[in-house]
Each structure stands twice: as structure tokens, then as C-alpha cells.
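Below is one structure, written out as C-alpha cells, with a few remarks after it.
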Amino acid sequence: MAAEPKESPSNNPGLHTTPDEATKGYIMQQTMFRIKDPKVSLDFYSRVLGMSLLKRLDFPEMKFSLYFMGYENTAEAPSNPIDKVVWTFSQKATIELTHNWGTESDPEFKGYHNGNSEPRGFGHIGVTVDDTYKACERFQNLGVEFVKKPEDGKMKGIAFIKDPDGYWIEIFDRKTIGNVTQTAA
């Protein structure tokens, strides 16, 4: 008799296999990072990771700005500002960079907790690239800080880099992620 797949409800107590009809249109839309300096973060996410700025929203009365970054084709975005907001919020897997005004020039500002030191919480986001090793060579040449290079550790072929605020980003490609996870699959 064949073993139940790891994803089956019998192997995952609490798992509901038939989503509630009310959740049919839900998507994973964004992860939010608080950033110290938008100039530095926008450079990293656009130049280093190749993302586009999908939409910027400024809230002067609350003194913060939101920058929505992603891999969408911005030429497809509507030109009407409100329609562009709706378009942005309908895209899958975007990064919302939240800048509280003044942090970039505040010498007392210590930065944000990235979740990877005690107390641990949030860990990282992941970006699929064409070739992990080539991408990491490029990141190295751009001066990006590494947490783990693809040749390090037991999980060969995946890397972790840091963004300017210390958030971790896992870097992998379709081939190496299959090799790395084959014994766990």
C-alpha cells in the first residue's frame, strides 16, 4: 500500500483541503518591510534584484511612504492613479517597503529587527533566479552582503543575502532547489 503524500490531511493535522468558498479570490499579495532609507532600498530592490516600482503612496499626515516593488510589467499598469493602486494591489507576491519619514537622517535610529536573531520570528523572502551561482557572482561584484553563499553549508545551491536593512533574501533557481530538497520531498 502506498504511503499517504506528505501534503495529505492525515499527515498535517488542522489542514483544510477544501478552501472555504469565501476565500476563492484570495491571493498572497505582499510582504511589508520597514526601511530606513528609501534611496538605498529602492536602489537595492531595483538595481540588484531587478524589481520595478509598481506604485508609491505618500501619507503626509502620518509621515510615511509606501513603495510597492515587484517583477510585474509596469507598462501594463493603468495610468490613472487610483486604477494603478487597484492594479498594484491585485499583483501576486509584491514587497511593500514602508518608510517612516526621518529615519534616514536620524543618528539615533537603530534600525529594524529582521526576525533572524532572538527573539526569532519572520525569517526571509525568496527570489527565484535563472542561475543561483551566476546571480551570486553578480551580487558579490555589487557588494551585496551574504548570509550564506551557494557553496556553503549542507544545502548547496541556495544562498541568502541581506538587503540594506538586514532582511534576509533566499536566492535559488528551479534546478538547484529540486536537488537541495529531493530527500525532503
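Each position is counted from 1, following the chain as shown.
Each residue, glycine too, has its Cβ placed from N, Cα and C.
The feature active site, proton donor/acceptor is assigned by Swiss-Prot to Glu170, with similarity to another entry given as support. Residues annotated as Zn(2+) binding site in Swiss-Prot, with similarity to another entry given as evidence: Gln30, Glu96, His124, Glu170. What Swiss-Prot records for Gln30, Arg34, Asn100, Arg120, His124, Lys154, Met155 is substrate binding site, and it gives similarity to another entry as the kind of evidence. Look at Swiss-Prot and you will find 27-174 tagged as domain 'VOC'. According to Swiss-Prot, the feature region 'Disordered' maps to 1-21.
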Between Met155 (substrate binding site) and Glu96 (Zn(2+) binding site), how far is it from one CA atom to the other, in Å?
29
Those recorded positions listed as Glu96, Glu170, and which of them has the most Cβ atoms within 10 Å of its own Cβ:
Glu96
Arg34, Arg120, Lys154: which of these binding-site residues has the highest Cβ count within 10 Å of its own Cβ?
Arg34
Determine, to the nearest whole angstrom, how far the Cα atom of Glu170 (active site, proton donor/acceptor) is from the Cα atom of Arg120 (substrate binding site).
17
Which of these binding-site residues is closest to His124 (Zn(2+) binding site) if you go by CA atoms: Arg34, Asn100, Lys154?
Arg34
When the Cα of Gln30 (Zn(2+) binding site) is compared with the Cα of each of the binding-site residues Asn100, Arg120, Lys154, which one is closest?
Asn100
C-alpha spacing of Glu96 (Zn(2+) binding site) relative to Arg120 (substrate binding site), in angstrom:
21
